[in-house]
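Reviewing the structure listed below.
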Amino acid sequence: MRSSRQRGDRSAATGGGCGARRWALPRCGALCLLLALGCLRTATDGAKAKCEESQFQCSNGRCIPLLWKCDGDEDCSDGSDESACVKKTCAESDFVCNSGQCVPNRWQCDGDPDCEDGSDESAELCHMRTCRVNEISCGPQSTQCIPVSWKCDGEKDCDSGEDEENCGNVTCSAAEFTCSSGQCISKSFVCNGQDDCSDGSDELECAPPTCGVHEFQCKSSTCIPISWVCDDDADCSDHSDESLEQCGRQPAPPVKCSTSEVQCGSGECIHKKWRCDGDPDCKDGSDEINCPSRTCRPDQFRCEDGNCIHGSRQCNGVRDCLDGTDEANCNNVIQCSGPGKFKCRSGECIDINKVCNHHGDCKDWSDEPLKECNINECLVNNGGCSHICRDLVIGYECDCPAGFELVDRRTCGDIDECQNPGICSQICINLKGGYKCECSRGYQMDLATGVCKAVGKEPCLIFTNRRDIRKIGLERKEYIQLVEQLRNTVALDADIAEQKLYWADFSQKAIFSASIDTRDKVGTHTRILDNIHSPAGIAVDWIYKNIYWTDSSAKTISVASLNGKKRKVLFLSELREPASIAVDPLSGFMYWSDWGEPAKIEKAGMNGFDRQQLVTTEIQWPNGIALDLVKSRLYWLDSKLHMLSSVDLNGQDRRLVLKSHMFLPHPLALTIFEDRVFWIDGENEAVYGANKFTGAELVTLVNNLNDAQDIIVYHELVQPSGRNWCEENMVNGGCSYLCLPAPQINEHSPKYTCTCPAGYFLQEDGLRCGGFNISSVVSEVAARGAAGAWAVLPILLLVTAALAGYFMWRNWQHKNMKSMNFDNPVYLKTTEEDLTIDIGRHSGSVGHTYPAISVVSTDDDML
C-alpha cells in the first residue's frame, strides 16, 4: 500500500482557489459574505470537473482510470462505473464464477481462489475432482493432486505431507554402498581417500590401498594407469607421477605467459594487475606472496579487497571499490517517516503531536500554518483521491488498497507485480489488483512452496571430476560414478533426447562421446574431435545436432557435426581467453564468456553472424555461464569478484544474485533448473545450490572433489524440443557442408544458413561450396596448430600440384596458339579485362571471396 502526502497547495486538491478551508468571517459586511459564498460554491462546483481524458468520473465525483469502467469490479464507491454496462459473456474456455466473473477454466480447483467470491475453489465443485493419469490424490479430505514422481521424493508437496508418509527406507542397489545417513553412493567411492558420504562412513575400516599390476600408486595413494607416468601431464594430485625422482628429469616447463600476465607458482597465468591486489587468484596463492603492506592512510577508506580510496568517496553514490564495499551500509537520508513524525520545511523532524499545538516547534513555524491546521480536505471530492483519502493534522494524503499504487499522487493504478524478480517461479500474469502464477509445459506448481517443479523423471546433476564423471540425484541424493579412468575432463554437455554425454579432455586435446542408458550404464567412448589445443567449454545443439566449443589457446570458437566429420572455425579474432559457452538453438543464438583483457560476455548467431557484447562493465573473471530458457536470462560466475549475477538475453536488467567469499571463492561452472542454481567451486572443491532469484537457501550437495570443472542438469526439460529446419524440406537443408541455425532477429530472419569448410566459399545458390582460398586454409591451420597442420598438409600439396599443372598447361597452350597483336590501346585494355574475368570464372585460385554464409530458408518461403 502506497500513499502520497499533500501539503501547501490546496487548490490542486479541491478544485478552487479558496480550497476547503475553514473561513473566519471578518467585519466587512455583505461583500465579504458574498465573496465567501462564492469561494465555497467554486470549491463545490470544481469537484465535478477534475477528471482527465484517460479517466472516468464517478457520480460521486471521484476519478478512476477509464479502463476500469465496466470491468466487472466496482471501483466507484457508488457503483456508477458498473452501471449501464453491456452484460459480459464468458468464453467456452472460461469458468463462470457465481458472481458472473470469468476466469480461465484451468484455474478452477487449482488450490488458489481466482473468483472474487471463491466459487472456483468451492468444496462442492472440487470434491468431485478426479486426479489425472500419472497423478495421485493427497488424501480423501483433500482436493489436491500431485504427480506420481513427487511421492517419497523427500519434499512435502501435499498440504499435510501425505506424499512423504509410508515411504520406507531407500534400498541401495548391489553396485552401491549405503552410507550411515542412508545415502547411496558408488562402491568405487568406498575407501578412495575421499569423504563421499559426507559423514565419513565410506572411509571407515579401509585397508591400505594397493594398485594393480598395470597401475602406478601416487604418494597420495591414488592409483593411475602406468602409461600416464612421465608423460608431462600431472595426473596425481601431488604431481608424484611427473616428479624428478620418478622420471629422472625435470617436469616440463609451464606454459609461457603473455606480457600482460604473471605466472603463478602452480603454473597458471593470471592478469598482471591481479598481483598483490589482496585477493588470491593463483591456486597456490602465490600472487599474494611478498606483497607490500596494504595499510591505508587515516584519510582513506579501505575496501574489503584491500584497495585504498579517498575517504570522501565513501557513500557518494558511486562504486569506487571494485567490490562495492564503499557503498555498503550507507544511509545518507535523515529518516523522518511514519505516522508519528512530521518533517519541517526547515529540516527538523518533530513528533506529530507537536503540530498545530499553537507553539512553533519548527524553526520556520511550518508546523503551525494558521489557515491549514485542523482542516479536513477529504470532505470535498474525497480530496481528489481516486480511492482512499486520509486526513492529516496538516494537509491530507491519498492512499490505495492492496495491489494498487499511486501513479500521480491522487489516482491509484494497478501494480505490475510481475516486474518483481522471483515473484513467480516461471510465468506471471498481471491482474487488476494482483497477479497469478502459472507453470510452463512439463512443470506443475507445488502449492506448498509456489515452485514450478518438473514432472517426470528425477532431475540429477552430472559433473566432471578430472579423472571421472559423476552423477548425484537432486531428490534422493543417489551419488554414483558414470565414467571412470579419464585423463583430465574440463568441459561437459549432453544430448538428453539421444541419451549421450559429451566431454572435452584437456590432456588428450580431444572431445569424446558415450551413450548412457536408463540404468546409468555408459557405453564405449568415441573420440569425435581431435586437434583441440586447450578446450575450455563445449555446448551441444540438441536440435540441429552440432557441437560448439571454445579453445583458450587457439583463441577460437568452432562448430562441428556431432559425429565430428564436418567442422568449422566461426570466430578467430577479438578473443582473448574464451571460456564457457552455451547455445539456444530455439532462437539461433550462442553465448560465451571471455576473461581476457577486457573481460566480457558476448552473444552471436549460431552461424557466426550478428556478434554483439552483452556484459562489459563490473566484470573481471567470468568463468561459467548458463542459460535459463524458461525465464530468458543468462547467469554467470565471476571468480575475481566472487559474484553470481544475471541479465536478460539482451544484456539488460542486470541483477546480483549472490556475492560471497565463502561460497564463491573461485567458482568455475554453473547450471540452472527450476528455481535453483547449482555451481562448482574449485577452491572449496564442492558443489553448491541456491535460489536463483535471491541467492538464499544455500546448500552443499557434494564435497571433497578433485579438480571438478563443469556441471550440467540432466533432465528432458532442460533441452526443449524444437523444429530442425535443416531437415524440414531437404536433407541437411540442401547444404553441401554444414547447415547451421540462423539467429532469429525478427520475423523475416532466415531459419538456417549454409557454411563451407576452410578454403571454400558458398556459390551463388547459397548451398554448394566451391573454389579454393588458400589464405583461409592457412588461418584454419593456425587455429588447429601443428597436429592440424599435418592433417591439412596433404591437401595443400595436392592443390599446389594441381595449380602448378594448370599453369604449365596454360603456358604450353599459349606457346602453341597463333596470336594477333593490335596496337589499339582501347581494344587491348578491353581484351585484358575480358581475359581477367574469364580466368576468374574458371580458376579455383581466385582472389575474390564470396560471402561465407548465404540466406537459404525464411518464414516467407514456407508460406
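Glycine is treated like the rest: Cβ placed from N, Cα and C.
If you check Swiss-Prot, you get these features:
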| type | residues | note |
| --- | --- | --- |
| DOMAIN | 334-373 | domain 'LDL-receptor class A 8' |
| DOMAIN | 722-770 | domain 'EGF-like 3' |
| REPEAT | 457-498 | repeat 'LDL-receptor class B 1' |
| REPEAT | 499-544 | repeat 'LDL-receptor class B 2' |
| REPEAT | 545-587 | repeat 'LDL-receptor class B 3' |
| REPEAT | 588-631 | repeat 'LDL-receptor class B 4' |
| REPEAT | 632-674 | repeat 'LDL-receptor class B 5' |
| REPEAT | 675-717 | repeat 'LDL-receptor class B 6' |
| TRANSMEM | 786-809 | transmembrane segment |
With the cut-off at Cβ under 8 Å and a gap of six or more residues from its ends, the chain residues touching the repeat 'LDL-receptor class B 4' (588-631) are 260, 271, 281, 319, 322, 426, 440, 537, 539, 541, 544, 546, 548, 550, 557, 559, 570-571, 575-582, 637-641, 646-647, 649-651, 654, 667-672, 677, 679-680, 692, 710, 720, 740-745, 749, 752-753, 755, 852-853
Averaging pLDDT over all residues of the repeat 'LDL-receptor class B 2' (499-544) gives 93
Secondary structure of the domain 'EGF-like 3' (722-770) by DSSP, residue by residue, totals 7 helix, 14 strand, 28 coil
Short question: which residues 6 or more past the ends of the repeat 'LDL-receptor class B 1' (457-498) have a Cβ under 8 Å from it?
149, 153-155, 170, 172, 175-176, 183-186, 188-189, 196, 224-225, 228, 233, 235, 504-508, 514-516, 520, 522, 525, 535-540, 542, 545, 547, 549, 562, 669, 671, 673-674, 678, 680, 687, 701-702, 705-716, 718-719, 721
Sequence-remote contacts (6 or more beyond its ends) of the repeat 'LDL-receptor class B 5' (632-674), Cβ cut-off under 8 Å?
274, 279, 281, 322-323, 421, 425, 443, 451-454, 459, 461, 463, 474, 580, 582, 584, 587, 589, 591, 593, 595, 601, 603, 613-615, 618-626, 680-684, 688, 690, 692-695, 698, 708-713, 715, 718
Within the same chain, where does the repeat 'LDL-receptor class B 6' (675-717) have neighbours whose Cβ lies under 8 angstroms from its own Cβ atoms, ignoring anything closer than 6 residues to its ends? I mean 6 or more beyond.
194-196, 198, 237, 283, 421-422, 425, 442-443, 451-452, 454, 456-457, 459-467, 470-472, 474, 477, 479, 488-494, 496-497, 503, 537, 624, 626, 628, 635, 637, 644, 646, 657-658, 660, 663-669
Composition by DSSP (helix, strand, coil) of residues within the domain 'LDL-receptor class A 8' (334-373):
3 helix, 7 strand, 30 coil
